Amino acid sequence: MASRAPLRAARSPQDPGGRAAPAATGRAPLPSAGWCPLPPGRNSSSRPRLLLLLLLLLPDAGAQKGDGCGHTVLGPESGTLTSINYPHTYPNSTVCKWEIRVKTGERIRIKFGDFDIEDSDYCHLNYLKIFNGIGVSRTEIGKYCGLGLQMNQSIESKGSEITVLFMSGIHASGRGFLASYSVIDKQDLITCLDTVSNFLEPEFSKYCPAGCLLPFAEISGTIPHGYRDSSPLCMAGIHAGVVSDVLGGQISVVISKGTPYYESSLANNVTSMVGYLSTSLFTFKTSGCYGTLGMESGVIADPQITASSVLEWTDHMGQENSWKPEKARLRKPGPPWAAFATDEHQWLQIDLNKEKKITGIVTTGSTLIEHNYYVSAYRVLYSDDGQKWTVYREPGAAQDKIFQGNKDYHKDVRNNFLPPIIARFIRVNPVQWQQKIAMKVELLGCQFTLKGRLPKLTQPPPPRNSNNLKNTTVHPKLGRAPKFTQALQPRSRNDLPLLPAQTTATPDVKNTTVTPSVTKDVALAAVLVPVLVMALTTLILILVCAWHWRNRKKKAEGTYDLPHWDRAGWWKGVKQLLPAKSVEHEETPVRYSNSEVSHLSPREVTTVLQADSAEYAQPLVGGIVGTLHQRSTFKPEEGKEASYADLDPYNAPVQEVYHAYAEPLPVTGPEYATPIVMDMSGHSTASVGLPSTSTFRTAGNQPPALVGTYNTLLSRTDSCSSGQAQYDTPKGGKPAAAPEELVYQVPQSTQEASGAGRDEKFDAFKETL
């Protein structure tokens with residue numbers, strides 16, 4: 001019985017109370033309106049008991065029996081059932097019995113979305129009973145009644161069959177009930193009334209039963225923009241095309257922040273109403289196979305669109321009008337395709353060139369306000385070769401699927417195929433229309449590749465004779481009154497759509513929901529693009545980090561006060577340019593300690609030499625008599641010009657063996673190193689060629705005056721000069737040194753100036769000797 005077709009309860013149009021018409025089985029209808037119930041307390045229960053007795057004695061006429069049945073859809077794996085008039089008050093003295101069967105070996109779970117049955121008589125006349133099994137061998141699971149009863153726990157059967165019995169007697173209120181069922185393995189079953197407010201998770205997956213297209217429920221919103229949080233989940237899923245009303249199915253929901261406005265649309269026979277601001281909305285996760293297949297974009301060429309006939313005429317201005325098949329492109333300006341004839345034999349055909357997975361179709365009317373033409377209902381046929389056609393039916397259905405069309409000439413209406421169609425050719429066969437058959441179409445779907453084999457490519461249909469309706473239409477003659485052309489009838493039976501009165505064979509519907517494999521190019525791009533993006537991002541980060549680290553390293557290396565010179569190598573290079581001296585002089589260099597002046601500003605003190613470096617300024621040699629004196633103990637300052645006038649304090653070293661040209665200053669006085677001055681009394685100043693000003697620097701921009709007396713040179717010197725050199729005591733306001741006195745100066749910063757000056761002065765010194 002798993003292949004049993006879903007059934008819906010039918011209501012008689014003559015019965016305003018909504019009671020079901022008697023089944024066409026030859027049995028008499030149950031007594032209803034002509035019977036008056038007895039007052040309470042006087043055999044008031046005799047009528048319900050009589051109805052129940054008659055119901056049990058009648059032969060089985062289907063899955064439901066009685067006059068108390070409401071909205072009912074009983075599917076092979078799930079379904080929905082309600083009491084009569086739900087959600088309004090159910091009438092007095094009604095009865096309904098539902099017999100539910102699923103696949104052998106399965107069990108059934110029942111869950112109530114709403115339960116409101118009056119319990120004033122302690123479940124004596126108004127109640128709901130559930131039984132294990134069907135028929136006389138059934139056993140009772142439970143008897144239920146109560147207004148606003150919260151039945152949160154589901155009820156499970158012991159076998160694959162259950163019976164649900166609803167009885168109503170005399171009562172004053174009560175909406176009745178709404179229940180849903182499914183096989184036992186659907187652990188996440190929900191009812192048709194559940195909304196997102198019943199769940200706390202931002203994302204979740206639930207199973208919707210069949211039959212959730214409720215006539216009394218309302219939804220707001222559309223896909224992909226989202227649905228208002230007050231919309232029932234399963235009914236919104238039907239509108240979105242992710243679940244079938246006949247079969248039910250799994251839905252995946254994502255909750256997000258609401259929007260101020262929700263638009264209205266018609267899809268899958270569900271009308272979405274306009275909605276306003278809500279705190280949240282929800283959308284559905286889909287397989288992604290809902291893209292357009294090329295009618296609007298032009299991927300489907302004009303020759304791939306054909307029709308049974310074409311509406312052509314000449315207007316009062318003498319202009320020809322032809323609403324050809326290639327005009328049936330959705331959202332393209334201009335007129336639509338329109339058929340010349342107005343019968344159910346007309347069709348619009350689309351060739352996709354190869355098999356594709358078709359998941360939906362969108363239609364609209366003429367889109368012209370002066371031509372209120374549209375198709376309100378249609379069938380869909382499909383084929384692999386364009387010759388043998390199959391009418392689309394829902395799984396397990398015995399009748400062709402009639403799709404809800406448009407209700408006006410300009411709004412879009414969407415219908416989804418569940419399960420999808422796998423075919424190359426699609427035909428739309430209108431069965432109802434407004435004035436004339438006119439429509440624009442777009443197909444939804446994606447590429448189809450069955451795992452394990454290549455896509456099936458079919459050859460185009462062979463050319464037919466001139467009477468083929470798809471290829472030939474009679475064009476009107478020019479200059480005559482408006483004239484309509486009628487296509488000739490086809491000779492081949494395969495070209496003619498099925499008449500409504502004809503009996504059709506069971507279609508070979510490809511009931512498969514296999515997700516198509518993505519083509520190699522798409523899969524390769526999906527993998528390479530993220531990898532390339534990540535690789536480029538990583539490379540950029542590495543380059544930025546390396547550049548930043550290098551800048552920091554350079555900055556750290558540039559914070560030294562003075563560079564460190566190799567004393568030994570520099571000293572040996574200088575000695576080669578000077579006359580030989582005694583070893584004693586070379587082994588007694590003067591060193592000055594580095595006072596912690598590096599923490600002072602450049603204007604306060606000058607930069608001092610490092611404590612472990614004995615670096616001396618080269619002497620300036622003039623035309624003097626005697627041997628070359630020991631070089632000056634002053635070190636040139638890097639990065640500063642000779643005119644910089646900051647003081648450079650030095651700590652005088654205390655040594656037992658004094659340098660030949662320097663003596664320590666008294667402890668009480670300022671400690672300044674002074675230049676070594678040679679006695680020039682016996683020589684001409686013109687031969688020296690050096691200025692007589694001192695190169696000592698003072699605080700300020702003016703050069704200091706040289707004053708003081710000269711001390712005699714020590715006996716360790718190599719010079720025999722008659723003059724005596726003395727240390728100068730720094731005192732302000734003294735006159736400058738005499739021009740005849742030779743002073744040592746700080747060498748120039750550039751190598752060229754120092755080298756040239758040294759050569760010239762050394763030559764002058766040799767000439768003097």
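Indices start at 1 and increase along the chain as displayed.
Every residue gets a Cβ built from N, Cα and C, even glycine.
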Checklist entry - Among 1-39, 118-156, 196-234, 274-312, where does Swiss-Prot put the label region 'Disordered'? => result 1-39
Checklist outcome for this item: When each of the glycosylation sites ASN92, ASN152, ASN269 is scored by other CB atoms within 10 A, the minimum falls on ASN152
Item to check | Cα-to-Cα gap, ASN92 (N-linked glycosylation site) vs ASN152 (N-linked glycosylation site), nearest whole Å | outcome: 27
Item to check | Alpha-carbon spacing, ASN152 (N-linked glycosylation site) to ASN269 (N-linked glycosylation site), which is rounded to whole Å | outcome: 31
